[in-house]
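Visitor: Structure below; questions to follow.
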Amino acid sequence: RDDDDINDVASMAGVNLNEESARIMAANSDLVGTQTQPCKDEPFLAAVPLHKRILETAKKLGITDVPAEVVTFISHATQNRLRTVIEKVTVITQHRMESYKDDEWYEQATDVRAQLKFFEQLERLEKQRKDEQEREILLKAAKSRSRQEDPEQARLKQKAKEMQQQELAQMRQRDANLTALAAIGPRKKRKLDTPGLLSTGGEGLGVSGGSQAGLGTASPRQYPRQKITRVNLRDFIFYMEQEREMSRSLLLYRALLK
């Protein structure tokens, strides 16, 4: 060193400033000599219709001139607001779609779907019991051979006759369906993982990766499936109920009426 000063803190700590400068320049070598310039500020909304709409609103308040910077600012504010709304509603939708069945920290307390199935089964059994009782009454009325029949007895006989004809038609339809299925044979599932072959004039053309084509088989291309988050009206209503500015708005009441 040219001078070994005791007040040089970098030298006392064992730091070489020349080496550190060279290392910093090497790390940012791709930025050295480059020129940066601001990109063009493109508004999110169409400037002309937006300016016209702002002027119409401003004239009601006694303002006659609205500069272009105000239009650009409102356009960016609208874009930012729309981005915030979409992000929050997307988070709400993702929370709604989460499943905690396999989570070890949660246990299922109630199963509404199983309860609905149980009630549907009860209704089905009750309907079946009533149908059986009505069928027995109709069969008894059909078997009765009393000479003096009242109109109610004749109506029951006619209804029993129609019921027997309907049951006979259902049995014939069932037998016809079973015969048709037996004639068709078992259905073969189409293999999705096998490559498709295009036949032209009795020759098979197998399409390989890229733009190459030739005879033989080709491996199928695996495309990543993009996950789509679908937002419904219920999610948006929940978002508006949580927002202080929109919890009492007319838009929320209109959405609740739909």
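Each residue's number is its place along the chain shown, starting with 1.
Note: Cβ is positioned from N, Cα and C throughout, glycine not excepted.
Caution: TrEMBL annotation is automatic and unverified by curators.
Small disclaimer: the values here were computed from a predicted structure and weren't measured.
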Visitor: Select from 132-161, 192-221 the stretch of residues annotated by TrEMBL as region 'Disordered'.
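Guide: Feature region 'Disordered' in TrEMBL: residues 192-221.
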Visitor: Summarise the model confidence on the domain 'Transcription initiation factor TFIID component TAF4 C-terminal' (6-255) as a single mean pLDDT, whole number.
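Guide: A mean pLDDT of 78 is what the predicted model shows over the domain 'Transcription initiation factor TFIID component TAF4 C-terminal' (6-255).
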